[in-house]
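For reference, the structure discussed in these notes is given below.
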Amino acid sequence: MEDQNQCKRKLRVCVATCNRADYSKLAPIMFGLKSHPDEFELEVVVLGSHLIDDYGNTFRMIEQDDFDIGSKLHTIVRGEDEAAMVESVGLALVKLPDVIQRLHPDILVVHGDRFDALALATAAALMNIRILHVEGGEVSGTIDDSIRHAISKLAHYHACCTRMAEQHLIAMCEDHSRILLAGCPSYDKLLLSHQKEDYMDIIKSWLGDNVKEHDYIVALQHPVTTDIKNSIKIYGLMLDALLSFNKTTLILFPNIDAGSKEMVRVMRKKGIEQHPNFRAVKHIPFEQFIQLVNHAGCMIGNSSCGVREAGAFGTPVINLGTRQTGRETGENVLHVRDADTHNKIYHALELQFGKRYPCSKIYGDGNAVPRILKFLSSIDLDEPLQKTFCFPPVKDPISQDIDHILETQSALAVDLGGTNLRVAIICMRGNIVRKYTQANPKTFEARMQLILKMCSDAMRDAVFLNCRILGVGIGGGIIHQNELVHGSTFCAAELGHIMVSFDGPECSCGSRGCIESIASGMALQREAKRLHDEDLLKVDGLDMKISDPITAAHLINAARLGNSKANIVLNKASTALGMGIINILHIMNPSLVILSGVLGSYYQAPVQRTIMERALFSAQSVKVVISDLEEPALLGAASMVLDYATRRIY
């Protein structure tokens, strides 16, 4: 293993950052990559507003963090309107190919939902570079949604922050095996540093010596590119409310999106930069910014920081407008979706200012970076680059693929009976193509060897029968809304292992008192053999040859002929099965119970009776019927494969 690790080459990872906001999420990953020089080779590309003076020339903070910037790309076309955003994407697409070709990374890491990131993902995807998208699957209320989801479709791997985001990516047909629920990388630094002892020094350096903890406001409002006019109106109302509220306020300039120039004009028209209550700044280093947010009396605006990072501190937040609509938030966020006057915003300030809320960890637990590094290390560069999507159920098309025309999609079904082991090749239509039956060996090892041999024989025969085996099915089943319930790990409906007795016989699963250990064919065979060995199974009319093996059928026949000991065993088994089914009735409330197998006809009446005697009144009316299928156990096992392989239900 050590030789293999030594031979494994470093993973060449390129991290591309476009602005101050995405760097706060990518920097922890970059530090993590840099701290493992034996595993990773880090390349850094800087573009977008990082290189613009009006936005603070924030590339310098990357250099101050001691990262070597491999490429600086001036990609922003000034104008701060819709056309400029489009031109900026085009300019980035013109410049990026040379950089990507020169660096030729194994993985490109991109973040979020900015138009610059869309250019990065587009260029990398077209140049066959694998993409890891950080913070995909989230929902907000602007064009950012469309950009974020477009990047997710281009990306090969995903590191998302919340369980809901993970589910959104799955719903978007992304491969579950390529999605990592990591948490937000910024939380790794945020949760470690939010209790810094020198926070008052940071507050005073930005707001002056007279400002107290929890007695100032942080304001950060960006344009909404799909509704620029309204977002500028709300920005002006926010400034009016802050002026009236008369508290020290740290206000950051908006980002470079279309509409930002108009916002700055509104700010300057109202004299914010010269007002004694305000400190207007273009950029604050992330470590200092989170201290300012942590100890603020309130944060206001529409920055994602308000609905994400601020929640980890319990800082009260007023979220203005629609830019963050759909984001998961803690109870610290008060939404003002629309406002006609500044009074509504002023009232929100009165409600929120100075409050403290419980800390929320919706977006992370502080361990995102180790998870992401482990995820990167697990990527197999030899696996196909072409993405595959996991589409939802659709009507079967008329296929023109030669494999589908010539082959029959099938499953191997396995029935682990008490007396016999059975394997069958079953096609998509539910027809049994071929069936194999062997006596069940006595030991576990022998059973496993026989099952493997029977499956191997069936696989060999399937080639000659023109059947394409999609998988092997073993198990019971629950049908809900015409769909087979699989469970989170595809082992739902282990009905035989419902426990019905604390001190029952030992089960093959290692527990005691399972239905299978009391009511299965193998359990009845065991009891029949015990009675036979004690000479208690004999009864007039029961034909038992010395050479015949003792089976459950002997027990049932003995009971029918009046053997009291056999009756006791069967009553106990029937009651155990009935109680287990009652448990299922009380949990699932099905409309029908179907029994199958050789014991089904015997158990039908006593199980129905047990339900009538012991189930809740609401469940007593359920009917217990016998399956009329030729091989219900084998068909049910096959459906586990055929249903999953064709429908992809999670």
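Cβ atoms here come from the backbone N, Cα and C positions, even for glycine.
Owing to the predicted nature of the structure, the values given are computational and were not obtained by experimental measurement.
According to TrEMBL:
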type: DOMAIN; residues: 38-376; note: domain 'UDP-N-acetylglucosamine 2-epimerase'
type: BINDING; residues: HIS497, CYS507, CYS509, CYS514; note: Zn(2+) binding site
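Feature map: annotations from TrEMBL on the structure.
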residue : record              : Cβ within 10 Å
HIS497  : Zn(2+) binding site : 17
CYS507  : Zn(2+) binding site : 19
CYS509  : Zn(2+) binding site : 13
CYS514  : Zn(2+) binding site : 27
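Same-chain residues that are not part of HIS497, CYS507, CYS509, CYS514 yet have a Cβ within 8 Å of the Cβ center of the Zn(2+) site turn out to be GLY496, MET499, SER508, GLY510, SER511, ILE515, GLU516, SER517. Per-residue pLDDT, averaged across the domain 'UDP-N-acetylglucosamine 2-epimerase' (38-376), gives 92.
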